[in-house]
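**Student:** Sharing the record's features from TrEMBL:
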type     : residues : note
REGION   : 298-317  : region 'Disordered'
TRANSMEM : 30-50    : transmembrane segment
TRANSMEM : 62-89    : transmembrane segment
TRANSMEM : 109-127  : transmembrane segment
TRANSMEM : 139-161  : transmembrane segment
TRANSMEM : 173-198  : transmembrane segment
TRANSMEM : 219-239  : transmembrane segment
TRANSMEM : 251-271  : transmembrane segment
Amino acid sequence: MDHDLENFTYEPMYIEEYVPIFHMSFYIEVLYVIAYLADLSMTIYLIVVIKKFKTLENSRSYKYLFAYAISNLCYILLSQTIGMFLQVITNGLTSRGMFILANIDNCCMELGFYILTFMAIDWYVFNYYKCFYDNHLKVFNRGVLTLFLIFLFKSVVAVVVCFPNDDMEGTLMFYIFLDSFSLVSFYLCFIMLTFLFIKWKRKTTSNIARKYEYSLIIPWTYFMMSLPMNIVNIYPIFWSPPYGNALYDTIDMSTGILSNMALVVIVFLLGKYDKHFKMAYLKCCKRRYKNNNFQDEVSEDGSEENGVTYDGHVVSL
């Protein structure tokens, strides 16, 4: 680690190289803020729509999406909220305080990875291995709660065992430790989803399963959009970050923009693949539907049925 700190050097650039990159970095920072706000807005929108309409709230797939939206909202706001509170009651955050906030962020982010993966596995096993699904129903019903308890335990262990000192070397080591865990979780989930996606493409899908195939398409799309950012995040773990390198910072923020836009794409795909979500959008956002009677039935297991009506009249989508 001492060797790494010795090599942690500033990499200067010639002015004619730096100026165009600086201008580009400014616009990318603006886009990053817009993408961040879009991510926050879509997260809140998804939570509100799912809770407002029982059809969506009782659907098995949307229970996973609701849990993911909650974890994503915590990832966006929880550590910032706690950080502001700690700064008010103290004279600023020490490296220990920053480590706790980073630990919260990583816990929420990793939990979101596994929730989306579990959502895809649930749909795939239900449609192609029904006997196995029925025999292990408790596992699937309690999967999200189990994941939450696992990551809560992991976070507590990380704080107790890996609590950093107020020195630069210790702080860097523990940030690398957290980032490594996050990357391992991402790539495990990505490999699993890619495997399921390839197998699904080779199988014949029934008409009923096709109605809910967004349960696999959405997680896989999210991970594909987050892949570039997680490829870039490998670099600081094995090599010293090129501090002051505008090109590296630009690439890092560009991939972050793509990752932040993933939830916007998820909402778009839900409107495209699921008529129930589209009808909820019409009811929620289109003025001419707001006062109409929104009826939509779900089966006992939470899967949506065919009828989508306004005032008893079938609406064709």
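Each residue, glycine too, has its Cβ placed from N, Cα and C.
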**Student:** Can you name the far-off residues of the same chain, 6+ from the ends of the transmembrane segment (30-50), with a Cβ under 8 Å from a Cβ of it?
**Tutor:** 56-57, 62, 65-66, 69-70, 72-73, 76-77, 253, 256-257, 260-264, 266-267, 277, 280-281, 284
**Student:** At a Cβ cut-off of 8 Å, and with pairs 6 or more apart in sequence only, do we get at least 3 pairs between the transmembrane segment (219-239) and the transmembrane segment (139-161), yes or no?
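**Tutor:** Taking Cβ pairs at least 6 residues apart, the transmembrane segment (139-161) and the transmembrane segment (219-239) are not in contact, as fewer than 3 fall under 8 Å.
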**Student:** Sequence-remote contacts (6 or more beyond its ends) of the transmembrane segment (109-127), Cβ cut-off under 8 Å?
**Tutor:** 60-61, 64-65, 67-68, 71-72, 75, 133, 140, 143-144, 147-148, 151, 181-182, 185-186, 189, 192-193, 196, 199-200, 205-206, 208-209, 212-213, 215-216, 218-220, 222-223
